[in-house]
């Protein structure tokens with residue numbers, strides 16, 4: 001009975017061992033597949049582990065299938081059932097395997113014959129359990145297998161002895177693989193948990209950082225608001241540039257340190273929203289505040305910190321000068337010609353500058369009044385007494401004003417080319433002393449009077465700079481400008497462009513040289529023929545004569561609080577006869593007048609720039625002057641050295657055919673002039 005139990009145990013072991021081995025392989029394959037599905041989103045490390053386990057299982061499956069060729073589909077079905085129990089009762093399977101090991105050790109002394117019989121019984125038992133077709137097939141080959149088994153009895157006995165050790169090794173490997181797989185799963189799960197915790201911590205840090213930044217921005221805003229008006233725009237510009245960068249750096253601290261956090265959609269969206277909201281709020285506030293401060297473009301106190309010059313530069317053109325919006329198409333840009341835009345270049349290099357738009361043919365007085373309203377803004381008032389004296393209308397065009405807050409203490413730089421130099425001198429005289437005739441007229445007749453004519457507006461001009469200005473008049477106007485035919489020609493041009501369809505404006509509308517809306521052109525021509533303009537001295541042609549300039553010099557004086565400076569050019573050379581002849585590079589239209597001035601009776605007047613004599617451009621005869629040095633002075637004309645080979649328009653770059661005067665030279669000249677104006681503010685500033 002005891003022997004019978006041992007045989008039964010061996011047979012049971014053989015069947016069970018095979019079933020367990022196959023079940024274990026299936027379990028490992030199924031477990032690996034399940035683990036692979038669960039870890040599909042966790043990276044390539046888990047995939048490579050699953051693939052490695054699958055490859056090992058395939059090798060073990062091929063080895064065991066060779067040893068168990070007689071085990072077929074039904075055993076597989078049974079093994080699947082056992083696999084489910086093994087999946088749920090792993091400790092029991094280990095105990096059972098240990099019992100089988102002990103039982104196998106007790107049967108090591110069995111003979112080869114008994115082992116063969118047991119193998120035959122093993123085959124027969126399995127044959128009885130098979131379907132009918134499989135049993136017939138097994139019986140057919142029973143005798144053949146019996147002979148094979150007898151011939152390999154010794155080898156089979158050794159195989160039986162070694163099977164327990166192989167099973168032990170296989171089970172141990174499978175167990176180690178399972179533990180390793182579970183360990184990796186736990187490790188990956190731990191990493192995921194740590195990653196989520198880190199993300200949560202980062203979000204918490206981001207929220208704290210953003211709150212601190214918002215507090216700092218609010219504090220900075222309050223501090224800037226408390227500062228004086230002169231520092232407002234600059235402070236807000238600095239905050240708007242620095243604060244968004246500060247938010248960008250702190251609002252996303254985990255970008256470089258923890259790249260895996262980018263895969264967390266919730267964390268990424270949260271950080272993105274935090275960053276965008278923080279930056280947008282800072283920029284929006286700073287932009288609105290700066291926009292409010294810069295809304296009034298004529299408020300110098302809100303703009304001056306943006307420029308190198310505290311006092312704006314006003315460029316004033318000469319006779320027959322225009323701005324681009326009202327000039328004839330045949331004329332080039334006044335300030336810079338085809339070489340450059342002087343005003344724009346000054347702006348780009350940090351200087352606040354404007355181009356004045358005043359009458360092209362008007363007198364210095366009328367042009368000075370227009371210049372005042374161009375800067376200050378408002379409707380031009382030529383004065384009741386002045387209009388009645390010369391026979392033109394009292395009111396002219398309306399200007400918007402480029403510097404509405406212009407008043408004593410808020411100064412400007414006046415730069416005049418040609419006749420523009422006379423005009424700015426006239427304006428400064430009106431600001432300081434007004435017009436006594438207008439004051440008396442207003443007392444007698446009542447009505448309104450412009451503040452310009454009341455005087456008492458000192459400390460409104462920082463400097464006066466003239467370029468090729470005929471301070472003492474010019475022979476060109478004496479000999480040609482006031483000839484009847486020349487005057488008629490000039491005014492006919494103005495009359496022609498005065499039609500209602502023309503955009504050209506010569507600044508003679510207050511003289512009636514502008515066609516009315518309901519007036520035909522024939523009616524317009526007949527009306528202007530009776531204008532007093534043709535014989536009036538209230539015109540530019542008269543003021544450019546030596547008599548007209550002398551009259552202006554008598555009415556004007558030097559202001560001790562203003563820096564005066566003149567720039568002069570010449571473009572003629574002396575002949576054997578002692579006269580001056582125009583150079584080859586002189587602007588072609590000026591060769592006639594240049595040669596005419598070069599033949600003047602007064603030798604000191606002969607050297608000229610084509611329109612103005614050098615002696616007339618340097619300074620008014622009746623006013624004090626000195627040679628200019630690196631150190632500026634107030635209350636005296638500072639005469640700069642004469643620029644040789646510079647004709648009348650080279651100062652403003654209008655001669656595009658002149659190869660000697662380059663754009664770089666012109667730009668360098670104006671940059672030096674602007675820098676000198678800034679230096680003069682140290683002498684004239686009222687904020688010392």
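Note that the numbers count up from 1, one per residue, in the order the chain is shown.
Including glycine, each Cβ sits where the backbone N, Cα and C put it.
Swiss-Prot lists 418 with the feature active site, nucleophile. As annotated by Swiss-Prot, active site, charge relay system applies to 609, 648, with the evidence given as sequence analysis. The annotation compositional bias 'Polar residues' is assigned in Swiss-Prot to 45-54, 144-172, 184-211, 274-289. If you look up Swiss-Prot, you'll see 68-79 marked as compositional bias 'Low complexity'. The feature compositional bias 'Basic and acidic residues' is assigned by Swiss-Prot to 84-95, 103-143, 173-183, 240-267. The annotation region 'Disordered' is assigned in Swiss-Prot to 31-309. What Swiss-Prot records for 1-35 is signal peptide.
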Within its own chain, what residues at least 6 apart in sequence put their Cβ under 8 Å from the Cβ of residue 418 (active site, nucleophile), listed in sequence order?
317, 318, 319, 321, 467, 468, 469, 470, 611, 612, 648
Just jot down the residues in the same chain as residue 609 (active site, charge relay system), at least 6 apart in sequence, with C-beta under 8 A of its C-beta; none if empty.
468, 568, 569, 570, 571, 572, 590, 594, 617, 646, 647, 648, 650
Using a 10 Å cut-off, grab the number of neighbouring Cβ atoms around the Cβ of residue 648 (active site, charge relay system), all chains included.
31
